[in-house]
Amino acid sequence: MSLRRNRRAGGEVAAAAGSGERPVQAAYNIIPIQDVVMHGDHPSLRFPEVRAAVEALVHAADLPTPATARSWDPHRADLFDWLGATFGFQPHNVRNQREHLVLLLANAQLRFAGTHPADVLQYTVARDIRKKLLRNYTSWCAYLGQKPHIPLTSGRRRTGTAQGVGPDIRKELMYTALYLLIWGEAANLRFMPECLCYIFHYMTLDLFHVVGESIDVETGRRAIPAVCGEDAFLNRVVTPIYNILKAEVDASRNGTKPHSAWRNYDDVNEYFWSRRVFKRLRWPLDPSRSFFVQPGKPGRIGKTGFVEQRSFWNVYRSFDRVWVMLILFFQAAMIVAWDGRTPWDSLSHRDIQIRVLSVFITWGGLRFLQAMLDAGTQYSLVSRETSLLAVRMVLKVLVAAGWTITFSVLYVRMWDQRWRDRRWSFAANTRVLNYLEAAAVFVIPQVLAVVLFIIPWIRNFLEKTNWQILYLLTWWFQTRTFVGRGLREGLIDNIKYSIFWVCLLVSKFSFSYFLQIKPMVGPTKMIFKLHDIRRNWFEFMPHTERLAVIILWVPVIIIYIMDIQIWYAVFSSLTGALIGLFSHLGEIRSIEQLRLRFQFFASAMQFNLMPREHTGDASGGLCSKLYDAIHRLKLRYGFGRPNRKIEANEVEAKRFALIWNEIIQTFREEDIISDEELELLELPPVVWGIRVVRWPCFLLNNELLLALSQAKELVDDDRAHWSRICNNEYRRCAVIETYDSIRHLLLEIMDKTTIEHNIVDNLFLAFDRAMGDGKFTEEYKLDLLPQIHKFVISLVELLLKENKDHTKIVRTMQDLYDLAVHDFLKNKDFEQLRQARLAPSRPTEHQELLFLYAIKCPGNDDVSFYKQVRRLHTILTSRDSMNNVPKNPEARRRITFFSNSLFMNMPRAPLVEKMMSFSVLTPYYNEDVLYSKDQLRRENEDGISTLFYLQKIYEDDWTNFLQRMRRGGMSSDDDIWTGKFQELRLWASYRGQTLARTVRGMMYYYRALKMLAFLDTASEVDITEGTKQLASFGSIRHENDVYTMNGRLQQRPQRRLDRGTSSVSQLFKGQEDGAALMKYTYVVTCQIYGNQKKAKDQRAEDILTLMKKNETLRVAYVDEVHSEMGDMQYYSVLIKFDPVLQREVEIYRIRLPGPLKLGEGKPENQNHAIIFTRGDAVQTIDMNQDNYFEEALKMRNLLEQYNYNHGSQKPTLLGVREHVFTGSVSSLAWFMSAQETSFVTLGQRVLANPLKVRMHYGHPDVFDRLWFLTRGGVSKASRVINISEDIFAGFNCTLRGGNVSHHEYIQVGKGRDVGLNQISMFEAKVSSGNGEQTLSRDIYRLGHRLDFFRMLSVYYTTVGFYFNTMLVVLTVYTFVWGRLYLALSGLEAGIQGSANATNNKALGAVLNQQFVIQLGFFTALPMIIENSIELGFLPAVWDFFTMQMMFSSMFYTFSMGTKSHYYGRTILHGGAKYRATGRGFVVQHKSFAENYRLYARSHFIKAIELGIILTVYAAHSVIARNTLVYIIMMISSWFLVVSWIMTPFAFNPSGFDWLKTVYDFEDFMNWIWYPDGIFSKAEQSWEIWWYEEQDHLRTTGLWGKILEILLDLRYFFFQFGVVYQLKITDGSRSIAVYLLSWICVAVIFGVFFLMSYARDKYAAKQHLYYRLIQFSVIILVVLVLIIFLEFTKFQIIDIFTSLLAFIPTGWGLISIAQKCKQGYFSMKLSAEASRYPAFLLARKQLQFEALTKLSQLDHPPSPLYSFLFNVEGFLVYWYSLDVQVCNW
């Protein structure tokens, strides 16, 4: 073995020579495979499984020499070297994947249970890895009808030339290695898994020919691969496909072009889902093929599989079954309710039954609509090769139309026969039967779906089977795709989520019928009967009272559509609560409850965290599972032996103590507990001969005092006293420990050679005899125990002083002796005491003080002794005050959660060696790594710095930090900025959302694995001796430089332990590092780290600091290098810090085909670094997350979930609970924390079980790494459409047949945004992302491929939530505008007295539902339920009311506006983008100008619009005369208006400070009037901001613009309604009134143009003329007003009414001008110029040029374009000034 591995370095030489590169000895990553002999003592090489894996790859000597290798030594190369030289892979890719496979094989063999020798690779291990890695490839081949090119023999022969490895194993390893090499060098192609399958398909064929030494029929020579040579794979395979991807992205104009105009990753990947790819693409890749045609050139291949179109119709198209259900029920309910009787009475009549059958006509019409939408959106998929798709589209349209016509004809014939016969005759019933027969044929597919839903395994089999006959049968119903097949869950899961949704739908439809639909029928009928209602304006059409019916019904219908979301919130909350209770969440909610279970803690920890090998349990099998279930019940409820008292001499207790103390030590390192609290919390080892478990002091508070008072007050025998003491385990241990400690203490401080030592020893022996004989109460006076207790306390306090007073100690001892011997004993004289050796035997011995020369106190350097004395003092003096230990709420939360989790259901932990290996991957771009000095000290305008802010919100942590620093040698607090500055930076950074915090948390995995590996392998002797060794050092407060003695600092003589090192690490044997390295890898992918180093950015230095602190941390980045040819080359680089060389060293450098970022930044960053991860699983951790040591201990339990079925299959994605740690930063942070906590706990719990639709939401989920790396990775990256990249990993997992579970016994920390602007930008990103999801193929396929109930779950928990939130805002708009129409038209006054349409149940239900949604019902109810489970009902209710007092409802209403605005705008116009929030602390006041820029379009303008409407309605409505009715009707709308306007002020630091308000006004006016220029920014100039706000209109489609223009027409209606309310009209209803109002608008424009002309011509040189013109205009206006007042009904109030009318008109003109302008000129502007800021900022010059071009056109556009373009500037300035002043 060693001889072979001596040639490993030679293998590198061979590979390098084969590729033409000079060999370079590089640093190793985890295992030093390059030179096993030199690194033979490396801890990972102690595993024979590692050596077996390395040995299995060595055998390549009998393989054919690579054709392109310049020099080749077969005896110094292995399989990877041979594959690299044969196919032209990069040497560093070869090295990287060699280590990757070695670790996979070694870890798999470590887990392999059997008698197979460990130093020989097991065949099944290699086979299982190959099968799992290539399962997607074999499925792809079966789908396309291709035979896989992996000809493996069925036997397991071990013969051959290669010693120690059979040909079967080598073939398995060869195919596995080839795929890994392809994947490792594929770069951006890794997002396209079937593209990799295509490449692998042909390269395996080449491999087969090369290994078999086939003869090429064309050349007659030995076959060589189609792709070979130096870097051939990169240059000839990866780069051509990458280039076409890059060309498509470049043509997309940074993703701003319509999705239908360019191909993204999914389009290119789905090209490989068709059989035609083998004919059209061939192998090797031919750049002349149509696949490689650049965008814009003829012959280019367009979209594949799906076309994303911007339209709200996507909501219907993707989830048509939801809309069919809602529409058909509404129709049926309306028919039944219109009858006026009870539903059951109505449905018993044949007429109503037949009318209900009309739903089939509607159903047919909806199918026709669906077919038309499919054809209208997907027509671009049709080509010469996809003609069947066109046939299917046309046929579906024709068939749907045919069904609609058929049902309509049959329905008419039924009623025609019925009216002719005047009853339901036989002929009429025959026609009904014909209708029903047609309906039965129509619903056959639905019936079949129901049958297959009941037996899901048959449907899964049919969908997964690749039989041609099944293709023909299913061709009509859905397009054949590679994904989305076999998605049905098991029968039990089907029953669970079916019950959930059936109960929900029954509740919703019952509520809708009785409280929404039926109450509206009566008023509707009454309104239809009304006639001759006087109108207040000109009527364009008769019978407009029918329009009032529509106005009344629209809000009801909208709420009817969306209120399933409310019912889902209710049912999911209740279901989540029920599941949480059965999962035993929240059983330990406080430290007090922890005290009750702590004595069983050791058994629970042993059972869950220690492997089975330590408990002797049999593993596996039904009996084992039954045993585990029974054992958990005993642990949880206190039955049986598992809850026995753990005595001190048991190894189990010592293991528990090591783990518990390590947890408490990490608390101290994180400064969430103090030194004093650490000693109260730690579980000290057994010393001083103490006979019981030494429970932490915080558990023993007051127990000794209670025992003493009990002994004093109660008169009873020994047995009764002891029985009462033993009823409480802590009291029993406190009494015994105190007794043993006092005994040892008194004997320890006395010279053993003195008579006093013997007297004390005999005294305690006498106590022992009396207690043993049961005569203690008879021989001693128990009422004196409190006095003895006081003397002992005095003695202990004297001993703890730094300068000990020997005289006082002697006197105290003498007093204690006198009390114990002379008073405590009953009926014993001095002689009897002498006989009992309790007094000096000779009188001369008693002439002086008895203990004068016997006392010899240990020196102050005896740390262990004085630690025990302090503990004794704590027990002696402890009272109820220790109920608050620890006082830090974060420490209390973590302790209680960890302790509670150990009583929850979790898999048993395996040995560390046998656990699944895993990696953690953290993407990082340019965020904070460590806070700098400037960041910490920089003060805001109020003098508040970030450090000061942290000191106040983390006051306990700061105090503990200073205590730790003083213990570390800091003499004064001022030294914190000098000697301890780095520690200060770390302390502050660990409380922010920084990379340092994330790295610290993730490195807890490594620390936990090392400790667990030690406990796995340590014997009883090791643990016993180790605890004694640790006891000699004392607690952590004495493991550093100094310790406290009498309030002063003393130097500690023992060696110092560095902060962050484990106390248990002193016991390590050296092999623990190897186990941890084998099982855990942490990679931080710092994308621009190379550029940061070149720029000498402080962040680069901080990243290097993190690598120094964590030697196992790996950093991946993209390096940009200028090549000799002058072009830029890009490399994926992995580095580490070498502690020997004391610098960072490069491990791997793999060249990329081009720039990394073709899609979204984060997934591209993850993708380039995922090749450096290792293991069976990978956990994706964002840069704002944290981890905890105690949670890291449970990671191997979590990974065992992969071996258990969750539903019908094993999971591929493990969901993990999150704790949002930013809740204490601010009130907004608390609101977000509460909202997010309910989502990541209760919400995810219900999604996983019972709904089975949990996805991946950016949480710290754990991916089955091999499963995902062969199916597109851990996220999707297509530009814009995958802006919410994380959730698409969940979509992809579900569509490809994966299974997602959720587990709450383990948690990971996560930070959220803490300021309103940060939160709004985050919600804007998420809402925009959901808008893009609505357009995506993933949502469409989920909506069509899942069964009905899972489809409902997907809809209402993804895009449906945002769509329904938008409907809530739309409800407010329709209700308010509708009411305004009724009031201004006069219909309201006419209807009010007759139809009572205002005050009915339906309207009340609508308003109530709308209001509860605005108040945050979606998040409030789940939050209350979850907090009730985990904190208790009363604390949850109190938190809720506290949040209400802090205006949380305003925040949630404001948040609703953010969601609806960005979701709707993204669907219509696009514009989704990543919005960096900064994640910092909000300590600075935000100016009004900044808030206005952010919220003007989304909140302020809409709120002003609603406010104006509500004001006008209040002035002209007859209902408004009844103040109470008006308030009830409009309070929710007014609350929305106030929330949208005032929230930015209410949650702005110093938002209502008068001085800042003045400054804000000045800043705002400067921003308004700042002239735009080439270098101006939106933050400086209002005009620049205005143009940037319209950017999304440049890429809006035609239908989006038309819809926006139609919506803007509402402003002109407002003008129409208001002008008829002017007094000057004198009640006239002529159309001339409205036309004259437009003349007034034109006059205002004319006056403006006149003043502008006069200012430009006369203001500078002929100022008198300018003033004369101004004066003339003023005089003219005054004269006009006087004339109006004198000769008309004009009143002054008309001026203000006109302003209310014309301001919306102006805004309407501006809005229409924007759409028209952008629609016309976007065709004229260059796509390239739009990328540069200068273009945008020089818009005025471009406008002038555009107008010039307009005048030169042969056929200029309509005058409307020119007019709107010219007046836009006036409208914008005029409207903005009015609105800004009003808003201010």
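Keep in mind that glycine also has a Cβ here, set from the backbone N, Cα and C atoms.
Feature annotation from TrEMBL assigns domain '1,3-beta-glucan synthase component FKS1-like' to 170-286.
What TrEMBL lists as transmembrane segment is 322-340 (among others). Long-range neighbours of the transmembrane segment (322-340) within the same chain, counting only residues 6 or more positions beyond its ends whose Cβ lies under 8 Å from a Cβ of the stretch, are 316, 346-347, 349, 352, 355-356, 358-359, 362-363, 366, 509, 512-513, 517-518, 521, 557, 560-561, 1351-1352, 1355, 1360.
Beyond its flanks by at least six residues, the transmembrane segment (393-412) meets 357-358, 360-361, 364-365, 367-368, 370-372, 374-375, 378-379, 382, 431, 434-435, 438-439, 442, 476 of its own chain at Cβ-Cβ distances under 8 Å. Annotation comment: TrEMBL describes 393-412 (among others) as transmembrane segment.
According to TrEMBL, the feature transmembrane segment maps to 433-458 (among others). Under 8 Å from some Cβ of the transmembrane segment (433-458) lie the Cβ atoms of residues 357, 360, 363-364, 403, 406-407, 410-411, 413-414, 477, 488-491, 494, 1208, 1347-1348, all in the same chain and six or more residues away from its ends.
Counting same-chain residues at least six beyond the ends of the transmembrane segment (497-516), those with a Cβ under 8 angstroms from any Cβ of the stretch are 329-330, 333, 336-337, 343, 489, 556, 559-560, 563-564, 567-568, 571, 575, 1250-1252, 1349-1350, 1352-1353, 1401-1402, 1405-1406. Taken from TrEMBL, the feature transmembrane segment covers 497-516 (among others).
Counting residues 6+ beyond its ends, the transmembrane segment (537-560) has Cβ neighbours under 8 Å at 326, 330, 512, 516-517, 520, 523-524, 527-528, 530-531, 1367, 1370-1371, 1374-1375, 1378-1379, 1381-1382, 1384-1387, 1390-1391, 1397, 1402-1403, 1405-1406, 1409-1410, 1616-1617, 1620, 1629-1631, 1633-1634 in the same chain. The transmembrane segment annotation in TrEMBL covers 537-560 (among others).
Only residues 6 or more beyond the boundaries of the transmembrane segment (1354-1376), in the same chain, are considered here, and those with a CB under 8 A from a CB of the stretch are 315, 318-319, 322, 551, 554-555, 558-559, 561-562, 564-565, 568, 1243, 1247, 1251, 1253, 1255, 1287, 1327, 1330-1331, 1333-1334, 1339, 1342-1343, 1346, 1406-1407, 1410, 1413-1414, 1418, 1456-1457, 1459-1460, 1463-1464, 1506, 1509-1510, 1513, 1532-1533, 1536. What TrEMBL lists as transmembrane segment is 1354-1376 (among others).
Counting only same-chain residues 6+ beyond the ends of the transmembrane segment (1436-1455), those with a CB under 8 A from a CB of the stretch are 1227-1228, 1230-1231, 1234-1235, 1316, 1319-1320, 1323, 1414-1416, 1419-1420, 1423-1425, 1427-1428, 1499, 1535-1536, 1538-1540, 1542-1544, 1546-1547. Marked as transmembrane segment by TrEMBL: 1436-1455 (among others).
Marked as transmembrane segment by TrEMBL: 1525-1547 (among others).
Note on the transmembrane segment (1632-1652): residues 537-538, 1615-1616, 1619-1620, 1622, 1625, 1669-1670, 1673, 1698, 1701-1702, 1705, 1767, 1770, 1774 of its chain, located 6 or more positions outside it, place their CB under 8 angstroms from a CB of the stretch. Sequence annotations record features per position, and here TrEMBL assigns transmembrane segment to 1632-1652 (among others).
Per TrEMBL, the feature transmembrane segment maps to 1664-1685 (among others).
Residues annotated as transmembrane segment in TrEMBL: 1691-1713 (among others).
Residue counts for the domain '1,3-beta-glucan synthase component FKS1-like' (170-286) under DSSP (helix as H, G, I; strand as E, B; rest coil) come to 77 helix, 2 strand, 38 coil.
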